[in-house]
Amino acid sequence: METGGLPLELWRMILAYLHLPDLGRCSLVCRAWYELILSLDSTRWRQLCLGCTECRHPNWPNQPDVEPESWREAFKQHYLASKTWTKNALDLESSICFSLFRRKKERRTLSVGPGHEFDSLGSALAMASLYDRIVLFPGVYEEQGEIILKVPVEIVGQGKLGEVALLASIDQHCSTTRVCNLVFMPAWFSPIMYKTTSGHIQFDNCNFENGHIQVHGPGTCQVKFCTFKNTHVFLHNVPLCMLENCEFVGSENNCVTVEGHPSADKNWAYKYLLGLIKSSPIFLPAEDHDFLMSLDLESRDQAWSPRTCDIVIEGSQSPTSPVCSSPKPGSKEAEVGSDGERVAQTPDSSDGGLSPSGEDEDDEQLTYRLSYQVQGPRPVLGGSFLGPPLPGASIQLPSCLVLNSLHQELQKDKEAMALASSVQGCLIRKCLFRDGKGGVFVCSYGRAKMEGNVFRNLTYAVRCIHNSKIVMLRNDIYRCRASGIFLRLEGGGLIAGNNIYHNAEAGVDIRKKSNPLILCNQIHHGLRSGIVVLGNGKGVIRNNQIFSNKEAGIYILYHGNPIVSGNHIFKGRAAGIAVNENGKGLITENVIRENQWGGVDIRRGGVPILRSNLICFGYSDGVVVGDEGKGLIEGNTIYANKGCGVWMMSSSLPHVTSNHVSYNGLYGVAVFSQKDGEFPGGHGAQENFSEDGDAILWEAELEKEDDPLRRPITVALVESNSINHNGASGIFVQSSEALQVVANVIHANGDRGITIVQSSQLTRVANNSISCNRQSGVKVEFQCKVELRGNGIYDNRGHGIITKGDGTAVVENDIIGNRGSGLQLLPRSDTKVLKNRIHSFRAYGIAVRGRVKALVQENIIFQGKTNKTIFQQITNNRECIMQNNKFLVFKKKSDTWRLVNPPARPHLENSLRGSSAAHSGHKVTAMATRITARVEGGYHSNRSIFCTIL
C-alpha cells in the first residue's frame, strides 16, 4: 500500500463490505494488504463468523460470552472442518491424471419445499447426483418410509435454525454426507433418526429431538454446533468420531454411548479427521502458576554416635576422668542447677509429691551435663513445620510442598503424556451435558477422550466399564445426583486437570479392578466423599487438590488398593483419608491438613501403608486407628492437630514407626480400649456403595496379594518415633491388649512422657529416650502389667518413674536428673527394680511410699545433694526386699560420675529389627532441649474426638 494513500481507518471501512472470497483474494496482494485483512479480526471477521448459518459462537455452549482469541482463526477452523466431507471426491475419479483434463462437473442445487422443484426430501434424493446440494426451505417435512442415502449429498436447511424440521429415519449407505441447519425428529415408525455403518457423516448446526443416532465402525462422524434434546448418540466400534461445541439436554438415558474397541478397518475420512484434530489448537494445558514444585523427600543418613552422661559438682571434673565442657557437634547439653527451673505444675497427690524446693538447700550448685544423640524418624515431609505453631497465624506451606502443574506432571510422566496426546475412538470437546440422566457411557473396550466439557445437573457425568479407557482433560463436573466419574470392571485411563465439585456422591468412584490415573484435579465441596476406591479397585491418585468435602477426601474400602501420593487433602468435614472394611493402599507424600475429623482414619480391617505424609492442623486427631485397624504408619509428620497425634484402639494392630509427632493439643500417641459402638452416634451414616440399589458382595472378590512392604505383626507396635511438645502425655495407654513401645524419643511433652492407666496384658516399654517432660517421665497406675527395660529417663520435671502397677518390671534403665525422685513406688504396687542406674538432684533415688511389694536388686543409685539420703522408705515394709544395690555418695566436690559400661541408655542401635532395620539408613538426630513454654491444650477424654467416620 503506497504512502500517501487512503488512511488505514478508511481502508478498513471499505474492506468491511467485502465477502469472504474477496477478502481471501485481497490478502494475497501483498504483505501490507495481508496485515490489513488480519486487522479486521474484531470487525469483519467477527461479523462473518456470527452471521454464518452453519456455525455458532466459537465458545458456544459453555462460554458464549467469552470472545475467542481470534475470530478469523475460529472462522477458518470451522470452514476447514465443514469441507471434510468432500475430501474423498478425487477418490471417485478413475484416474487422477485424466481428472486434470476432464471438465469438472458442476454441483447442482435441488430445492425442496412448497412451490419449489421437489415436495419432499425423498423425491429430491431420487434425482440427486454425487455431491449435489439439497436445500430444504422453511417448513416441516415428514417422510413415511426409511430413506436410504446411496450417493454423497449435502442437505441444508434454508433460513434460521428451527425453521426447517425433518421427521425421518435415514440410513446412509454412501461414503459421505453432510447435514446442516436442520431440526431432526424421529419418524412415527422408528426412533432412529440417522444411521451409518461404513460412511462418514457430518452434522453442522442441527437440533436433534427425542430420537437416536447410530454410527457403526468403520463409519465415522463429525458433529459441531448441534443440540441434542433427549437424544441418544450411539457409537459402536468407531475408529474416530468428533463431537465439538454441542449441547446435550434432558436425556432419559446416556447422552453418548461409546461401545466396543475402535475398529481396525478405517474408512477414507479417518486420516482427514485425525489431521483436523492435530491441526486444531492444542488443548493440552499450559503451565499453571498455582501449582509449583514437586516434593523432594530425599533422606539423609546420620552417623551413630555414643551417648554420654556425666554428673559433676560445681563444674569441677576429675583429672583422671576428663569431661568436655562443650557439647559435641550435633549434640545438646542440658544443665540443671539446685535451684533450677521451677516445676510449672506440681505433680498430683497420687504421684506422691515433690520435696519442698526450699528445704535444706545447699549453697553449692549441683549440675549435670547430659549429651546424647539418638535415632528418630528419617527426614520428614514438612520439616519447616517442626517449630511451635503460631496462634492465629495463617498456614503457609513451604515451596517444596506446593503442587506441580498438570503441564509439569505430564512432562515428568511419559505414559501420562502419551495418554493425554492419544486420539482414539470418540473425541468429545467443548460440549455441554446438562439436566439429564447420564453424560458419556464408555463400555466393552471402548475408547473416549473428553476435553473442556461441562457436565452439570446429571445423575452421573461419565461411566467407564468393561476394560474401557477414557481420557478426561479440563472438564467441569458438578451437581451430579450420584458420582461424577464412575469406573468399574477394569476401566481405566487418565483423569487430569478436571474441576469436580458439588456432587451428591463421590467425585470419582473406582471399583472392581479399575485402574485409572487421577492427576492434578480439583475435587471439592462434594456432599459425600471426594474419591472412593472399593471392590478391588486400584488407581494412581496423584497431585490432586481434594478439599471441603462432606465426608472423607479419599475413602478406601472393600479391598480397594490405590496409590495415593502427592495430594493436598484439606478442610474436609470428616476425615482426610479413611481406610475401612479391609481397604489397603499406599498413601505417601500427601499434605493432609485442617480436616474436621482424623487426618487419616483406619478401622475395620483397613491395612494401608501410610508413609511420609504431612498430617497437620486438624481439628481432631492426626491419625485414628479404630477397631481392628491395621497397617504401617511410617515416616509421617503429625503436627499441630488439636486432638492426639495418633489415636489407637487396643483392638487394632498398627505398626507406628519413624514418625515425627509434635505440637498436638492432647496426647502424642494414645491407646484406648473403648469399642467404637460406645461412641455417641456410632459410626454415623454409611455411604451407599451399591450400584442401582443392589447389594454388592465384595467379599467374593478378594485378591490375595503378598505385599513385601508390610511385615505381619501380632502386637501393636510403636517404635522409633519422635514424640515431642504435645499438650498432654507423649504416650497414653488405656489398653486391654498387649502393646510394645520401643526406641522412641519422647521429649518435652506437656504432661508425663508415658502414662499407663490400664494394661491388663503386658505393655513393653523398651529402649526409649524420655526426657524434659513437664511432669514425670513414666507413670504406671494400679493393676497394670508393664515392663520398662533399657530406657533413658532424663531431666523430667516430676519423678523419673512412678508406679503402683501390679507386676511392673523396671529393668536396666538410666533414670537420671529428674526433678522428683528417680523411682517412686506407691502403695499396693508390685514391682521388680533390677540393674538400673538412678539419680535425682533434689529428691531420693528411690522413694517407697506405704506398703509396697518390691524387689530392688543390683541397682546403682547415685546421691543427689549431699544432705539427702539415697533411699527413702515411709513405713517398715518387710515385703520390700533390697539386695546387692550399689549406693554412690559424693566424697568431695570434684567427684565425677560417668555412665559407662554400658554407655548411657537407650541403646537404640540394638533395638532395631525387622522392617525397621531395612530403613536404618533413614535417621535423624533428635536432641533433648529444655521446654520453655507450656503447650496449650486440655486433656483427652477416653475416646478420640470425632473418631467415627461416615
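Numbering starts at 1 and runs along the chain as it is shown here.
The backbone N, Cα and C atoms fix where each Cβ goes, glycine too.
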Out of SER318, SER326, SER355, which one does Swiss-Prot list as phosphoserine?
SER326
Among SER305, SER321, find the residue to which Swiss-Prot assigns the annotation phosphoserine.
SER321
On the DSSP side of things, how many residues of the repeat 'PbH1 11' (628-650) fall into helix, strand and coil, could you say?
0 helix, 12 strand, 11 coil
With pairs fewer than 6 apart in sequence excluded, do the repeat 'PbH1 3' (423-444) and the repeat 'PbH1 4' (467-489) have three or more C-beta pairs that lie under 8 Å?
yes
For the repeat 'PbH1 3' (423-444), report the average pLDDT of the model, please.
95
Leading contact stretch, 198-217, 238-260, 423-444, 582-604, 713-735 vs the repeat 'PbH1 15' (760-782) - CB distance under 8 Å:
713-735
By Cβ distance under 8 Å, which residues at least 6 away from the ends of the repeat 'PbH1 9' (582-604) in the same chain are close to it?
295, 297, 381-382, 395, 397, 401, 533-534, 552-553, 556-576, 610-631, 638, 641, 643, 647, 649, 652, 654, 676, 707, 709, 944-947, 949
